[in-house]
Amino acid sequence: MKTQGLTQTLSSQATWPLHSVAQTQALEHEAQAALPAHTLMQRAGLAAAQLALAIAPHAQKIWIACGPGNNGGDGLEAAMHLHAWCKHPIVTWLGKDGDMPADAKQSWLRAKDAGVTFAEQPPVQFDLAIDALLGIGGQRSPEGLMAQWLGAMQRSDVSVLCVDVPTGLLADTGEWLDTSPQHHVKAKRHTLSLLTLKPGLFTANGRDAAGHIWFNDLGVTAQKTPTAWLQHSQPAHAPRAHSSHKGSFGDVAVIGGAPGMSGAAMLAALAALHGGAGRVFVGLMDEDAKHAATAAHPPLMVRDITHLALNESTVVCGCGGGDAVHALMPQVLSSSQQLVLDADALNAIARDTALQSLLKKRSPRHKPTVLTPHPLEAARLLNCSAKEVQKNRLHAAQQLANTFQCVVVLKGSGSIIASPGHTPVINASGNARLATAGTGDVLAGLIGAYLARSEDPFAATCQAVFAHGQVANAWPSDAAALDAALLAASVR
Ligand SMILES: NC(=O)C1=CN([C@@H]2O[C@H](COP(=O)(O)OP(=O)(O)OC[C@H]3O[C@@H](n4cnc5c(N)ncnc54)[C@H](O)[C@@H]3O)[C@@H](O)[C@H]2O)[C@@H](O)CC1
Ligand SMILES: Nc1ncnc2c1ncn2[C@@H]1O[C@H](COP(=O)(O)OP(=O)(O)O)[C@@H](O)[C@H]1O
Ligand SMILES: [K+]
């Protein structure tokens, strides 16, 4: 076993394994059995103290809010080091002598012996706060003093370093334990994830709660198959062979754009074009929009839907499809070689069990399908509420993938990509610049382009989702707001 782990930022690897709370606890027990008592907590506390110095080198007064369990123990251990390094840590602690885990008790004794300042109330002024209230053991909502302290940290402008997990966040799902109060997070936040990275830090409310993520494995290597993978970066596109031609990159056929909604289909088509499809055909459902679409975008081939070669194409269906797309679905589901289903196509399937049967038959016929629901669309397909979907996004995405034998992209902060037989992926790119109408249409078209030239639908989908979010990440802060048309022109 390695010695003290190294605290790293996530940019050093393209993908990271994510482990559930149960897996992390099992790993912790194994490691504890193999190491002298208290070793892991000493490593955790030292790592937290070192990171506190790194993120706030000039901080003197450091408020460390410690909970009653081992997460609090990490905080007490950190306090001891910061005190020894001539900082001024002030600990508020919820532990009770005689009723605390053995490791936490040892850290409490070490901190007391070292002369750390304990207080009943948080200091009025502080330069950094360390949240060591609850970690992966937090299973019920903070209340009383714990809730007060948490609120004080969340309202403060001062940076907060969360030890292992932001208190109150469920590490498996990224849901807040207590959904009633406003978790308005003002200050700059950092989270030092210990032993493993947990999925909830990267999806649902996790990204806002955790802020910048740091990782220290405490010198313990996780061997188990992870619960999910985090896709944190990806290699640049391979150069195109000189001998390639438009047939090398596949045909995408976009079907959608009912009257008044042709823009959605055009966004998907433009994204497919800029995403590198060899040829992009558009079957617009609005007859009157066809002429203008052809004139405005000469590289797109606007066709009658009946003239599209579905069985030789990667079809992207549903963007701006309205209710009318329902009538086209039986043929789209039966004939399309590869298929991306978005928006109204998903709503049509949710309402019609006959369409659901056709969808389920595609995988056994070796016709790959990608579904791209946002949480409400996913809820309609699963016959539940969007709130229930958000409660466990990994589970909802996997359930959809298994039910329909498809690749599923559950969109939103920390999009999930799931497929039967694959460990799900959480996408780390993207930000709230994408929270504007039409960006989902762009994603559907981009996935179409990536699928059209790939042999591996799951990998192609992960790459497309990452590339879509990457445009938002790279968007200059002083540039115009990122709208869907700019996004469609910028995706690659
Ligand atoms: N035991 C060890 O050696 C290690 C522990 N580690 C730390 O320990 C954490 C897990 O520790 P625990 O399993 O003790 O769990 P936590 O410290 O996360 O929380 C559980 C404790 O808080 C109490 N609690 C839960 N919800 C509460 C609420 N709403 N109000 C008041 N009290 C509440 C529980 O009764 C229990 O005492 C990890 O997240 C990590 O920070 C790491 O340092 C790795 C090593
Ligand atoms: N806050 C956010 N953080 C990251 N990505 C986001 C956020 N909000 C939206 N997105 C992304 O933007 C896209 C929106 O898609 P969707 O909800 O279908 O919108 P529309 O139907 O208007 O195109 C999805 O790819 C989603 O993941
Ligand atoms: K914490």
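Note: Cβ is positioned from N, Cα and C throughout, glycine not excepted.
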Of the candidates Gly440, Gly445, Gly448, which one does TrEMBL list alongside Lys411, Gly412, Ser413, Gly414, Ser415 as binding AMP?
Gly440
Residue among Gly206, Gly318, Gly320 sharing the (6S)-NADPHX site, where TrEMBL lists Ala264, His374, Asp441 as binders:
Gly320
Just to confirm: which same-chain residues, 6+ apart in sequence, have a Cβ under 8 Å from the Cβ of His374 ((6S)-NADPHX binding site)?
Leu410, Lys411, Gly412, Gly440
Determine which residues of this chain, when Lys411, Gly412, Ser413, Gly414, Ser415, Gly440 are set aside, have a Cβ within 8 Å of the centroid of the AMP site's Cβ atoms, and list them as they appear in the sequence.
His374, Val409, Leu410, Ile416, Asn427, Gly430, Leu434
State the Cα to Cα distance, in Å, between Gly414 (AMP binding site) and Ala264 ((6S)-NADPHX binding site), rounded to an integer.
23
Those binding-site residues listed as Gly320, Lys411, Gly412, Gly414, Gly440, and which of them has the most Cβ atoms within 10 Å of its own Cβ:
Gly320
Cβ-based neighbourhood (8 Å from the centroid) of the (6S)-NADPHX site, residues Ala264, Gly320, His374, Asp441 excluded:
Gly256, Met261, Leu267, Ala268, Gly318, Cys319, Asp342, Ala343, Ala437, Gly438, Gly440, Ala444
Students should find that the Cβ of Ser413 (AMP binding site) has, within 10 Å, a number of other Cβ atoms equal to 21
Mind looking up the mean pLDDT for the domain 'YjeF C-terminal' (229-492) in the predicted model?
96
Would you say which of the binding-site residues Ala264, Ser415, Asp441 has the most Cβ atoms within 10 Å of its own Cβ?
Asp441
